[in-house]
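What follows is a set of notes on a single structure, which appears directly below.
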Amino acid sequence: MRTLITNIGELTTNVEAGGDPCGTMRDAAVLIDGERIVWVGTADEAEAASASLSESEPASAQVDGPVERIDAGGAAVIPGFVDSHSHLVFGGDRAAEFEARMAGQKYAAGGIRSTVAATRAASDEELRVRLHAFIAELHAQGTTTVEIKSGYGLDVETEERLVRLAAEVTPEVTFLGAHVVPAEYADRPDDYVDLVTGSMLDACAPHARWIDAFCETGAFTVDQSRRVLEAGIARGLVPRLHAGQLGPGDGVRMAVGLGAASVDHGTFLTEEDIAALAASETVLTLLPGVEFSTRQPYPDARRLIDAGVTVAIACDTNPGSSFTSSMPFCIAVAVRDMRMTVAEAVWAATAGGAAALRRDDIGRIAPGMRADLVLLAAPTRVHLAYRPGVPLVSRVWKDGTVVA
Ligand code: NIG
Ligand code: FE
């Protein structure tokens, strides 16, 4: 099946050109064949390119039937959003906690435990139905790749259920047994770390690609977090870390030292943290929904980007600190309150997310990449921040198939 999207007023390719990291093209067209993008160029070359690609293919590779043509009508097309941080498998919600917070209460890591109780009580089927509803919700908002963490089970059986269910919908599964110390281990946290690095890791590693820990006051110390990441690495998982959400600490530099793909949150960073990130391959993933929903100060993305840090944006969809699944909303907040330019924020939500997941097949619109694209109901990507809260995602392709 081939699809030719033409008459694209503004195409964000993220293939750097002439100093523009977004590789912006005007009056563009994209040709999709099956799951991949096969051609990108100007709209007036599109028909010729499509015909010549058909002719040049061996008969065995030729596709039957006509090319489906989509006229973008001058609207913008961007890569599908890559949301590199979410917690989508859980039971219950914490609306009352949010309401209390908006009335003045402070966010604390301990709220996670109430979701743990609801998650343990939910059946696989209940969790699966909800997870699929979240995936549909993400697609409708332009997200085509999502990373999903466990972390609301905190016992071997439930953590295994969570990573197994997550693996049904994404290859980007993260084992986060070290999310918080569960109540039954409250007075012996090191025993819980033994469990996480032992039989829980044994049960979860086969379903996961990533290992993570919540390195924060009220959750895990730097030493405990390091033990967890190192145990995961020894099992072939790749590290990423929650750090700097509630205050500064040594977690960021520890994760950079272990070659983490990403450090997430980074609300509180020291100059040393920023220098370490800038000198590394580790992405700093900002989570604007968290600051928004917990009334914390926003990190200064401008300072990070100017210092040379690679920045991604993710939603961190979870029932406690950030219950939005909208990348357009997070882009708008990052632009408004974290001092990112629109181009930087859109890049961070697409190519940045791909970098945070060490993926080179998504986050860009170029021949050979997965055909993950979003057609906006707007002439430029600026509208994502300029029209906050307005549903501007008009069509979404994932692997060449329309999903919204
Ligand atoms: O990324 N920081 C740790 N985990 C989540 C919050 C989880 C919760 O409050 O339930 C986060 O913000
Ligand atoms: Fe998180």
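Cβ coordinates come from backbone N, Cα and C, glycine included.
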Recorded Zn(2+) site member, picked from His242, His383, that accompanies His85, His87, Asp316 in TrEMBL: His242
- request: Name the one residue among His132, His179 that TrEMBL lists for the same 4-imidazolone-5-propanoate site as Arg94, Tyr152, Gln245, Ser321.
  value: His179
- request: Using Cβ-Cβ distances, find the residues under 8 Å from Gln245 (4-imidazolone-5-propanoate binding site) that belong to the same chain and are at least 6 apart in sequence, listing them in sequence order.
  value: Glu216, His265, Thr267, Phe268, Val290, Gln296, Ser321
Field: Pairwise Cα distance for His87 (Zn(2+) binding site)/Tyr152 (4-imidazolone-5-propanoate binding site) [Å, integer]
entry: 8
- prompt: For the binding-site residues listed here, His85, His87, Arg94, Asn318, which shows the highest count of neighbouring CB atoms within 10 A?
  reply: His85
Statement: Spacing of the two Cα atoms, Asn318 (N-formimidoyl-L-glutamate binding site) and His242 (Zn(2+) binding site), in whole angstrom, works out to 14
- request: Within 10 Å of the Cβ of Gly320 (N-formimidoyl-L-glutamate binding site), how many other Cβ atoms can you find? Include all protein chains, please.
  value: 25
